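These come from Swiss-Prot:
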TRANSMEM  7-29  transmembrane segment
TRANSMEM  51-73  transmembrane segment
TRANSMEM  85-107  transmembrane segment
TRANSMEM  122-139  transmembrane segment
Amino acid sequence: MGTLRRFPASVLQIALALFLLASGARDLVHVDAGVFNAAVYFLGGLFRGHVAIGVLTLAVSLCCLTAGFFLLVDFLRPELSCVSAVLALFVVLWALNMVLVDVVGAFGRGKVLQNVSSALEHLHHTAVDLLVLGALIFVRQHTR
C-alpha cells in the first residue's frame, strides 16, 4: 500500500525533474532565463545593465538544473537529506518569479487587460506557474 500511495508523487517528481533539467539546459543553450525570463529582465532593468541580466540568467539556469538534478537523484536514492532544503529554496524562487512576472510585471506594463487574447495568455502563463509551484510543494512534502 505504501508504494501505491507514493506512485503519484513519484510520477510528479520525475516530471518536475525532467521539466527543470530541460528548462535549465535550454536556457543555458539559448542564453535566456526561460520561464524566469520576464523576472530577469525586470530585475535587470532595475539595475540598468546587460551584465546584471547575464548574471541573473546564468544563476536562474543553474538553479533550474540544480533543482532538477536533486529531484532526480532523490528519486533514485531517497535517503539524500538535502533535497527538502533545495526544494524549499526553489519554491521561494518560483514564488518570487510569480510575483515579479505574473503580478508586478504584467500589471505594471498594463498589457494584461488590453484585450481578451492578452488576458487569456496571461491567465495561461499564471496557471502553468501555479501548476509548477503546486508540484514543487507537493513533491517537497513527499520527499521528507
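Note that Cβ sites are derived from N, Cα and C of the backbone, with glycine treated the same way.
Given the structure is predicted, the values throughout are model-derived calculations rather than measurements.
At the 8 Å Cβ cutoff, the transmembrane segment (85-107) and the transmembrane segment (7-29) share fewer than 3 close pairs (sequence separation 6 or more) and do not count as touching. Outside the transmembrane segment (7-29) by six or more residues, the chain places 35, 57-58, 60-69, 71-72, 74-75, 132, 135-136, 138-139, 142-143 with a CB less than 8 A from a CB of the stretch.
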